[in-house]
Amino acid sequence: MADDQPPIIKSENERLGNHAPVNPANPAVETPAAVPVAATAATAAASPEPLVAPITPSSNSTHTSDHTVAQAQPHASNTASHVDDQTTSTTPAAHAKDLTGPSSSHHHAKNNLSFAPKDNLYEIDTAAADSPAPLAGITHTTSGTNEGYSIYSNVKDGKVSIEHQIEINVVDLFDVQSNKDISLEEVMDSLRYVMEYRIKGGRYPTLEYDIMKRLADGLLMNMGHSEKKRKVRLTEEADVAFQLFGEFLLEVQEFRQAVGEKSVSDLRFALKLDVRCGSSSTEQQQQAAVALIALLTTIYPQFSDWRELVKGQAHSEVQKCMKQHADFVKAEKMPEMGGLILAPQALCFDRRIKRCLKMFRTSLETGLPSEAIPALQEHYGRNLLPQPPSPSIPKMIFAQFTDFMILLLLAVAVLLAAIKEFISMTVLLIVVVLNAIIGFTQEYKAGKALDALSKLSVPLAQVLRDGKTSMINSEELVPGDVVILEEGESVPADLRLAEVSQLEIIESILTGESVAVNKDPKEIKTSTRKLPLGDCKGNAFMATVVAKGRGKGIVVRTGHSTEMGKISAAIASAPKILTPVQRKLAMLGKVLVVVALVLCAVMAGIQVAYIQSKDYMPKERSHKIQDAIITAISLAVSVIPEGLVAVTTVTMAMGVRRMATRKAIVRTLPAVETLGSVTFICSDKTGTLTEGKMGAAELWTSDGVAYGFTESTSLDPNKGDVTFKTNDTEEPQVMGKTLEQVPAQMLISLMDSEASAVAIPVPAEEKQVDTFSKSAEWKGIGDPTEVALVVAAQKAGFPKSYFHDLGYTRIYEQAFDSERKVMSVVYKAPLSREDAKGDHFEFVLAKGAPEEILNRCIGYLPTVDSGSLPSPLDILKPHEHDLTRPVTEDFYDSVTEASGRMADNGLRVLGLAYKKVKVNGGGAASSGLGDGLDHINNIKDKKEVPASTLKPTKLDMITAANVQQDDDDDDEDIPPGYAESELVFLGMIGLIDPARAGVKESVRICKEAGITVVMITGDHIKTASAIAKELGILEEGGRAIKGEELDLLSEQAIAELIPFPNVFARVSPDNKLKLVTALQSRGESVAMTGDGVNDAPAIKAANVGVAMGIAGTDITKQAADIVLSDDNFNTIVVAVEEGRRVFENILKFIVYLLSCNCAEIFLFLLCAAIGEDLPFTVRMILWANIIADVPPAMALGVEPAEPGLMKRNPRSAKRGIVTKASLGVISFQSMMMTLMTFTVYIFNTRQILGENLDASHAQSEAFLVLTSLQLLQGFLSRTMRTSVFKVNPMSNRWMIAGVLLSFVLMIMGIYVGGLNDILELQPVGGMSWVKAIVCCIILVVLSEIEKLILRVTKVVI
């Protein structure tokens, strides 16, 4: 070939050996002789076009008929040099220079670079593989030669469909690191399936360049993942990415072009050929590496030296590997990977039924053959939900005693036993046991969420196999099984519905919506692999229940891959996170034990040193040293507040009780305190921030008139009217309810509602049915939007029954989907009411997103003069004169302005339109029929595809009969007149879900409390923003974001958003979990609300999970920490205030306990330091701790909230319970009590006041003073900043009772004979009480001074 001659491009027909030209008008291009590879490579390198070259057909080429090629390549080029993306063969080996010599002659010419993958699970006779024998039920094509067998030989995926599937996986390749919902294994399986059964074998040699470029980047990025072992070992997913890189290099021209643009250093870094050829690599990895080296060096001149693709130190090892696997240098293919390549588990909502049947090798008539089930089960696994970890009850009980504070208390009990204080030891052990019982109960309840999930497995399934219906254990289901659903049955796996008959399924367990969902098997086109569950009309999900009708579906996901399986795994794997108070108490306990040990050592050291300095007899010295050590141990015991765990638990339990009376049911005790420290409340909009009642608020018609609805959210059709205004100045007028008084635009608009939606009266139990209209509550059944439209029509005086009586019948429907954003219905009605069986007319009513509806309209209905038509409904009948006007720019602008105004008012806006349908001779030229249901074009495009290059496996042969049926995969025929195009615009209706009463005030309180409120909704972003602005959630400069934008951001990127959005619209439950983890990563404490099972992972991951008591499912409630019995946001704010109160009270009694105990410590240390006898005996210490610690501290746990509690910022989760400020308060209070007690004691022992008192009396008086001061401190500790004189003394009667109890116990210990002997106390006189009272007065004065300083300095305690 001359240097200036362009490369010759062979048509697919010629490449396969049939040399007839694709286009008969063009002369056939003579096949040249084989061109030297070097010349071809040089020519190709010089050409700016992608690498292409001629291929010499071999003698055993497969032939294809001219008709087949013409059908398969309808856009063939008129010139041989033009490259068409449906016809060009781009096999790279044709212009590759051979490293080892000519390739073997037995390669099939249909694609020299293709190969037949071998199935490692089954041994197949090679003879049968080369020329397979006909199988029963298989009809081979009659092209003149045997083309070989493949179950996918008639698959006709379009180029756009393949690109769409690859695009979804490319996005996932880049998201897989940040998105926990996607696994790299799933992405690789999906890409491998696309390659094997939709691209390989020359099916689609050209695909969109941009997608291929990003695919190359994604594969290179993921083929270097390695396992964390001593030697670098690449993961299985990395091997699949490497394999796919080579196969796309072989098959797709644009992929080769994209790889050719890479630098050699980028390829060297990503391919890791040194690792793949290393000593620790597998044979498969070595073969794949050698094959890819051969491909790169032969296709691209810039990569001709393989050494540049490998690190320098590995050249010898790679060269050795190439010699060892020389066959793959010549093979012009990638080595085969073992295992079956089956369809990946997916919902397939965007696939037509016939495509799903082909993918899963099944049939609606016969199902799967039984002999194929074992292999499918081995590949997919059994249909079982993940089994949650279920620790035994003994382990759960044992775990309660592993907490650090509990271990500390047990150690104290041992010490008490050592000094023979068995009464104190018993009290302490009771506290420990009570705490263990409460902890065990809470953990046991929390485990019920997992138990509930495991009970959702459906035991039996009605399945079709071998052409017979039978009941089998649902565990045995595999993807591809055909399941039959009957009314009342539970769905055993995730299904792609194929046939339905009035099928309605209750999906409340997943979505929280109790209304049954109408199912439609039609595919839903979307640009993502995700779709909200509520929009998956063509799917049925495991554990949902058939409410009505019957259906037949293909199992597409089982076990762990089902929606229930993912939720179960998410809940089971969620780590158990300690609440802030648990972490802080654990830290406090560790600090206290260190302090106790230090004090014990210091006290013992001082006492022993003092004893050693005295001149005691050895026996007496030994006895005194023993007493000193016991006293030191007792002092250490006094440091530890024995009542801390018990008081904390009781305080939280009391908080739970109070919250329950305020509609917040707490399931886990620590959540009470955690609520008080939340910084973010992420709340659902519908039903929580709003009333959850959708109603029509405004109807704007195409003639520019706006109609309003009074009592819009009331479902009672007897309440409310339709009003209108002719101008902005006059008062609204009530519109009449007769046919003559209603404009045509409004009347037709009110017809457009779902037939199954209805509002029904629900009477009170004691009322009779005849009192519905007066006392009954009305309930909507069906989609809330459709119910709102039905009620609006009823309030206008035109219910569905009115149109039904006129003979209007629904005959066709196109369901809503997220891509079209439109749904439509078709009605027919008699032309004459007198002759209902005569000629009829048909019309389409459409509704959807206003912009979508408007873009599909060619006209609009202007004002229709009254009297111009006998009835407004006659607009829908055929007319000689068209009453519509074309859509102009001015009209478009007016609709857009009205739509924006309604959305800004918080309305959910729907556009409304209609279209007449030609019937009975009004339409198609070929048939003389109309363009409605009487004209269905059944002509199918019988395309063929290139012959398969795949070798059949045993599983192929078993399921062959299922996949050799007609494979017409074209779009379903829609009557031309029913298309959602060329519509006439009617108007827009605005629906409102008004804000709950009191929510605005609650949001204001949250802001004052330093809490950010975030609205989460599936609603439109404008509607959500309007409601958020009304409630004060979204302020000036605030930000709103859509779920699809959230999908594109990593958790780190979400956490770094500035300003952080206050509104998240159009979100899915997956977005909620992502949002929770993002906020937690920046140190926020998050409360998350939810109702459906899909919300359960986010609720469990949140610091405080809040479930809805009315709309929430049982699983969601069991996964939550708190359940709102009224589904009201105001209740969350009440609960937050209660949580803050609980923490404040915990802080108060901790400060109180430590102040009292530290007073004892300082008193002992002070006496020991000056060589004075200790003021208390061991028994006095323990008795003081028992009577002064527990009762007043318990009473502090129920103290009412201080004023201004919700005007403080949340406590940081990082801030400890004992801060510098609180430590200062503790030190000040303890030192006050220490110094006053010490003064009284020294005065007595030194007889400063002239009193002749013995040591026992001095100790008793010191005991009286210190204990009295401690009990008074209980009263003073009721407030941290506020003056005690501003607190109602009767507001906490528990404090009065607790202090009185402790005071009585103190009196008994001093004055009751026998008991005072045990405690080593003696009665004291009146002067002792005078001293105690004086000390108490001093304490009150000093305490008020301290609180004044705290108020002035505004120090955070």
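Each residue, glycine too, has its Cβ placed from N, Cα and C.
What TrEMBL annotates here:
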- 20-53: compositional bias 'Low complexity' (COMPBIAS)
- 56-92: compositional bias 'Polar residues' (COMPBIAS)
- 347-421: domain 'Cation-transporting P-type ATPase N-terminal' (DOMAIN)
- 1-112: region 'Disordered' (REGION)
- 397-416: transmembrane segment (TRANSMEM)
- 591-610: transmembrane segment (TRANSMEM)
- 630-653: transmembrane segment (TRANSMEM)
- 1149-1171: transmembrane segment (TRANSMEM)
- 1177-1196: transmembrane segment (TRANSMEM)
- 1217-1242: transmembrane segment (TRANSMEM)
- 1262-1280: transmembrane segment (TRANSMEM)
- 1292-1312: transmembrane segment (TRANSMEM)
- 1324-1342: transmembrane segment (TRANSMEM)
> For the domain 'Cation-transporting P-type ATPase N-terminal' (347-421), what does DSSP give as the number of helix, strand and coil residues?
Replying inline: 41 helix, 1 strand, 33 coil
>> Using a Cβ cut-off under 8 Å, which residues of the same chain at least 6 positions beyond either end of the transmembrane segment (1262-1280) come close to it?
In response: 1144, 1147-1149, 1151-1152, 1155-1156, 1159-1160, 1163, 1175-1176, 1180, 1184, 1187-1188, 1192-1193, 1195-1196, 1199, 1202, 1225, 1229, 1232-1233, 1236-1237, 1240-1241, 1244, 1286-1287, 1292, 1295, 1298-1299, 1302-1303, 1306, 1309-1310, 1321, 1324, 1328-1329, 1331-1332, 1335-1336, 1339-1340, 1343, 1347, 1350, 1357
> Given the model, what does the mean pLDDT over the domain 'Cation-transporting P-type ATPase N-terminal' (347-421) come out as?
Replying inline: 81
>> At a C-beta cut-off of under 8 Å, are there same-chain residues at least 6 beyond the transmembrane segment (1217-1242) that contact it? List them, or none.
In response: 581, 584-585, 587-588, 591, 1146-1147, 1150-1151, 1154-1159, 1161-1163, 1166-1167, 1172, 1175, 1248, 1258-1259, 1261-1262, 1265-1266, 1269-1270, 1273, 1280, 1331, 1335, 1338-1339, 1342-1343, 1346, 1350, 1355-1357
> By Cβ distance under 8 Å, which residues at least 6 away from the ends of the transmembrane segment (1292-1312) in the same chain are close to it?
Replying inline: 1183, 1186-1188, 1191-1192, 1194-1196, 1198-1200, 1260, 1263-1264, 1267-1268, 1271, 1274-1275, 1278, 1319, 1321-1324
>> So if I exclude everything within five residues of the ends of the transmembrane segment (1324-1342), which remaining residues of that chain have a CB under 8 angstroms from its CBs? That is, six or more out.
In response: 1228, 1232-1233, 1236-1237, 1240, 1251, 1257, 1260-1261, 1264-1265, 1268-1269, 1272-1273, 1276, 1284, 1310
